[in-house]
Amino acid sequence: MSVLETIQGPADLAGLSEQQLADLAREIREFLVAKVSRTGGHLGPNLGVVEITLAIHRVFDSPRDRILFDVGHQAYVHKILTGRQAGFDQLRRKGGLSGYPSRQESVHDVIENSHASAALSYADGLAKAYQLRGEDRHVVVVVGDGALTGGMAWEALNNIAAAKDRRIVIIVNDNGRSYTPTVGGLASYLNALRTNPRYEQVLELVKRSLNRTPIVGAPVYDVLHGVKRGLKDVLVPQGLFEDLGLKYVGPIDGHDRAAVEHALEQAKRFGGPVLVHCVTRKGYGYHIAEQDEADCFHSPPTFDPATGIPLTGSEPKWTSIFREELVEIGRQRPDVVAITAAMEHPTGLDAFAREFPDRCFDVGIAEQHAVTSAAGLAMGGMHPVVAIYSTFFNRAFDQVLMDVALHRCPVTFVLDRSGVTGEDGPSHHGMWDLSILQVVPGLRIAAPRDGTRLRELLWQAVGIDDGPTVLRFPKGAVPDDVPAVDRVGGCDILVRTGEPDVLVVAVGAMATTCVDVASRLAGHGIGVTVVDPRWVKPVDPVLIDLARQHRLVVSVEDNGRVGGVGAALGLALADAGVPTPLHVAGIAQEFLQHGSRSELLADLGLSAQALARDIVERVASLEGAPLDALAGGEHDPLPRG
Ligand SMILES: Cc1ncc(C[n+]2csc(CCOP(=O)(O)OP(=O)(O)O)c2C)c(N)n1
Ligand SMILES: CC(=O)[C@@H](O)[C@H](O)COP(=O)(O)O
Ligand SMILES: [Mg+2]
């Protein structure tokens, strides 16, 4: 039996020998590669925290002590050690193990939100609560060097440092990378500590002193702390973290479990906020990941573990089309610049950055700064294109509203991963952008239905210079082009069959589904017009006129129903006194769990079959006619369910 098979919970770690612990670390890595190669997921980050997570669960007492992970994509090892090994065959699959901590799964999990740079704020709050309640509990936070480039992290550190007696242990997992090498002054600071040759000597000294000195409390900590202060004062006049008032321990070799345990024991005894700086390598222990220059296998799809080669074909993705077209725009528009929040490749800016290195800015995981910096660039005469996943864009709402739109800055936001994303779960679905952005005066939103429209609309967006524009599209494969049969104003008519009974307003990528709906209704006496407004904000007046001509309007969007495109259309129809009934088909305003995009859309009633069935029922209720008469009785091609 392997050591790993004996681990059902953290308590099983206590009695293990050094050899067993070394075997366990190896077995965990083998487990991660074997499982994640079959499901896809965050392999690189988790390979890098095996020793750190083992040390945490040997030194602290979860769930009494709370273990928090920033982002949470690196919590697989934590899940393995807390009784969830069996779930990894269904990792990130509908109904299976979440790829992030989940309170529904385990009492050992706390934070379910996968948005970076928030964990330290949770820790500050939790520690305050335990102090007020007189509970002697530690709060342990694993935060990556990338997550530390986010502003919230520093807001939290500012507060944590002020409270000398709150039991918070911050473990900085410093692998020098977000996806790509971490950027900015902080990265340079951490790098200075990591890469100076004296660091190696000092590390050796620390290691020897740790191994020689049994854990007797203060002396070990003082050795660690004193030596480090010496190092830091030599390298950097004043320790950044110590200047804040935080006790700093490190840098520690994050793959030396015993050294990490020693440091955590000292931190635990200190009884106040301590920051333990662990130096690790992303993808550690799986050479294919370690050598992956792109992103160290940050989040690979299913792959062959022997070669690392993806098992799924690389079909043209929305991102690929954006990547290609932006380079062409960059060639013709020297005023166009690009901004990423530590996701240059995932958002498709990597090609632009290669061709125009001086015109592409990676600001770190700092979406709020990205947006207001874009306002500054626009005020300086440039036209910024800010590429951010839809869900991460949420946190920069005030910056879009007050720093960009109030000043009518010509900034183009490109929101990839809009709508139902899939396997990353509730805090990754981009189901809010069409709602929250409706309230921004002067901001225009385009939702391309296919690759050709993406190219067209991107050019139109960067051509608008009197205010901000947004393009939004989903994750994954691009549908075949959906040609228009007519153009009315700014709207494309995609289908026009029979009498003008039902007007289907297709928002962006839902157009393919809406055309399928029309074909399912064609043979049943229900005339359908499918219209793609292309620019979905502001509401195109053409839609008002088309609605007047039809008996029912159905809007279909891959966004929350509340406050989305359909809701805005409803307000416009009411303001125009158009009595045509409107049904808004969209995502129920609830947190969606993880699963494939197609599964989740079907569950939401956004499949062509479900939409067609719903329209048949709505038309029938308009006429009071029995459903069967409309739907062809036993011949009904729209079986329930
Ligand atoms: C607000 C926000 N922006 C972007 C992301 C996407 N993202 C997920 S992990 C990651 C890199 C995190 O780097 P780091 O904190 O150093 O962790 P590592 O992967 O290196 O362990 C990014 C940018 C996110 N989760 N949240
Ligand atoms: C953890 C995180 O936020 C990212 O790694 C995200 O999982 C990437 O999503 P995609 O795989 O859709 O690029
Ligand atoms: Mg990192």
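The first residue you see is number 1, and the count goes up from there.
Backbone N, Cα and C define each Cβ position, glycine as well.
Keep in mind the model is a prediction, meaning the values are calculated, not measured.
There are 29 other CB atoms within 10 A of the CB of Gly146 (thiamine diphosphate binding site), with all protein chains counted. Sequence annotations record features per position, and here TrEMBL assigns thiamine diphosphate binding site to His73, Ser114, His115, Ala116, Gly146, Ala147, Asn175, Tyr286, Glu367.
In sequence order, Val172, Asn173, Asp174, Asn175, Gly176, Arg177, Ser178, Thr182, Leu186, Ala187, Leu190 are the residues near Asp145 (Mg(2+) binding site), counting only same-chain partners six or more apart with C-beta under 8 A. According to DSSP, Asp145 (Mg(2+) binding site) is assigned to coil rather than to any helix or strand. According to TrEMBL, the feature Mg(2+) binding site maps to Asp145, Asn175.
What TrEMBL records for 316-480 is domain 'Transketolase-like pyrimidine-binding'.
In this structure, His115 (thiamine diphosphate binding site) belongs to neither helix nor strand by DSSP; it is coil.
Around the Cβ of His115 (thiamine diphosphate binding site), the same chain contributes Val71, Thr391, Phe392, Arg395, Ser427, each under 8 angstroms and 6 or more positions distant in sequence. Every protein chain shown contributes to the tally, and the Cβ of Asn175 (thiamine diphosphate binding site) ends up with 25 other Cβ atoms within 10 Å.
Confidence over the domain 'Transketolase-like pyrimidine-binding' (316-480), given as mean pLDDT on the 0 to 100 scale, stands at 98.
Of the listed binding-site residues His73, Glu367, the Cβ environment within 10 Å is emptiest of other Cβ atoms at His73.
Within the set His73, Ser114, His115, Ala116, Gly146, Ala147, Asn175, Tyr286, Glu367 that the record links to thiamine diphosphate, no two Cα atoms are more than 32 Å apart, and one pair reaches that distance.
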